[in-house]
């Protein structure tokens, strides 16, 4: 273990057989936090800091059929409230989750069992810690008796480490002083690292919290404080005791507690509920929490109306933490965030930072009902929890910022990206079988883009075809029936069907029959429309058509597809494709007509056309592109490039969809093009294709660069429109990377101004300016940016600099930066995997990053959390460029050398292997024609 300090705790679990409830009062959670604080201040403390030894192995051999060898809890005990446990039937075995806790022994046992209210407790037969399944096992000599009440008492020591899981330590510097925060991240399976508990989502309970903490600090938890803080003495130390009201009944993964010296700003809602934003004192003083406070109330109010259900708690605390592994966590009543997801400074932060804050707050507040009030029964339905919150986060953000076009930006931010993952043969269905998700690493692996983004996409599609009003009515009855309970996805389908029936919405099949095809089989279809005959067909879309799909589907990879389309600018129409093939004569075109399908990309599918309609769409884009909706202009580009990778259309057809961009000024088509051409850059930036490709991009982006030069009065103003601000960044970034005259001078000039005066910079342009200038510069620029990164007190500013430092073209600087990733004093653990991925995105840094993770895999895996959410992204990011047999063999060797040591990155590794094979085949097939096309187009009308 890394450096840490230790924490003694006592846990009492009362068991009530067959009926009532049971309790574990968690006290003294922060006592040794006080010891560490004193140690940092150079003073002595009362009582030693003990060192925890690894949990002992089981004292008796186990067979695979024993209950403690299974990863799921038996149904003999379920919690009702901590301190208390409900026993649903007689049992002589108590299993309770415990991980990395050293339990004190009483007469040779890890726990004490006593009877309450006159009951006689059965003697303990044997206790041990079953490390593989993370249980404390308590075997009894005779069963607990129905109707009787018992108390199980444990005492233990746990390390308050910096591993970002369970109850952990976060450190930060403020005014030259090291400060410490003790905080939690329980999801998905780390509550058991904080205290012994029944750590499964269906094991809901009420939590009675009391925290002891040092003077000068504040304690926070899910519920409101009960009474004022009380001064007490514990082991000779004066500490503060803070007690909290009992929580609502909830899952262990939603429990949270924090001890810190933060401060807050607050407001009351119209119904007198407290909203508080907590952060470092300096951050609050600088106004970094103001935006979050301003928007939380309107977003909460929106969801109350959307669900037709009052906010279930008395308060909403939101806290920004210096160290946090995820973006945020929806702990009920105490939401924890990375600083970049809650804090915003308009003088320093970009509009992208502001959008991130709004959408993350909206995502977490959506969970207060969907996920917290009503919770999935088991992690195999995580998609329902996270996919739903991701979808409606855009509705909440749209309410908070109605001019931002958030309901369309979901296409760019969620849908287009996840289609690339779900088009792999190694993808997975949204909903898994319970028996396939057992181990903690199985659960962590589900926190991926399929769960979040595809989940959002199919729920958005559902909401569109039954209408948003009917969708929200179904949600209301669902939440009413199952509040404070657990559900499976079919419960939601049932309530949405009730709303559909009541509203009289015509559907070809039931909600369940339609949606099961989208959640129980992986992937999605490509819908092919022949505009000459009206024939429509569907086929499982695979980026690599030669890949082998070995995952069976109960539906034979066919879907019920809601096909929407417009013909020659007419009204939108809808048709249900219910079979592999069908004919709709309304889709036949006259000689001057054109047709585009999947309007606003409301459906989760790609569209292919007969060649004649493709030519008509290309002609329309060239002559009057505005006749096609902006989202569909982006969709045409994205579909064409992906169809080309799947060998369904010619690659040159896809490239031709970008020719109209010299006249395009809107963000979505440009952003989609940038992402798709980025694949070409990844494949060809080390080959002779790169020069002509850059020349073509330069030709296309020059008018956009000049447009923003004029719009901003020679770069002195910020565009009014939210997406124009994004597209200005695209224009400068692409112009500088392709050598548009004046661009490099512009960005290096801004960077020099910033070096002289750090306040001088447009927040929106910082990321691209920093990157362009550091790429063009040397060690002086890099070292200056590094010094500013270390001094940054605003997390979003630090994040931009962290990215920009990866842009240098100097290999030795990149190698030094990689080494910094293993030193938490230089790069925080929460940021290490992102930094390595940034470096790998640099053509100079890719091979350096790959060598680095291979050389240091054991250290990265063991010290940086093989089960963490970002681990899969590391493999994905470092291997994106792989497109040769040599690289494929290296990846296979890496898999063999580290077998069993990939944790939550296992699926990403398989996807990387599949993607590399597809890249090899694609480059071999397309390199010559791509080179010829770019060469011809780049020279056809030089700028």
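Yeah, the Cβs are placed from backbone N, Cα and C, and that goes for glycine too.
If you look up TrEMBL, you'll see 364 marked as active site, proton acceptor.
Its own atom aside, the Cβ of residue 367 (Zn(2+) binding site) has 25 Cβ atoms within 10 angstroms in the protein chains shown. What TrEMBL records for 363, 367, 386 is Zn(2+) binding site.
Positions annotated as compositional bias 'Low complexity' by TrEMBL: 42-52.
According to TrEMBL, the feature domain 'Aminopeptidase N-like N-terminal' maps to 87-254.
Among the features that TrEMBL reports, domain 'Peptidase M1 membrane alanine aminopeptidase' is placed at 291-518.
In this model, the domain 'ERAP1-like C-terminal' (594-917) carries an average pLDDT of 92. Annotation comment: TrEMBL describes 594-917 as domain 'ERAP1-like C-terminal'.
Per TrEMBL, region 'Disordered' is recorded for 40-68.
Annotation comment: TrEMBL describes 452 as site 'Transition state stabilizer'.
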Residue 386 (Zn(2+) binding site) versus residue 452 (site 'Transition state stabilizer') - Cα distance in angstrom: 5
Residues close to Zn(2+) site centre defined by 363, 367, 386, Cβ within 8 Å: 330, 364, 366, 370, 371, 385, 388, 389, 390, 393
Long-range Cβ environment of residue 364 (active site, proton acceptor), under 8 Å and at least 6 residues apart: 318, 328, 329, 330, 335, 337, 389
Residue among the recorded positions 363, 386, 452 whose Cβ has the most other Cβ atoms within 10 Å: 363
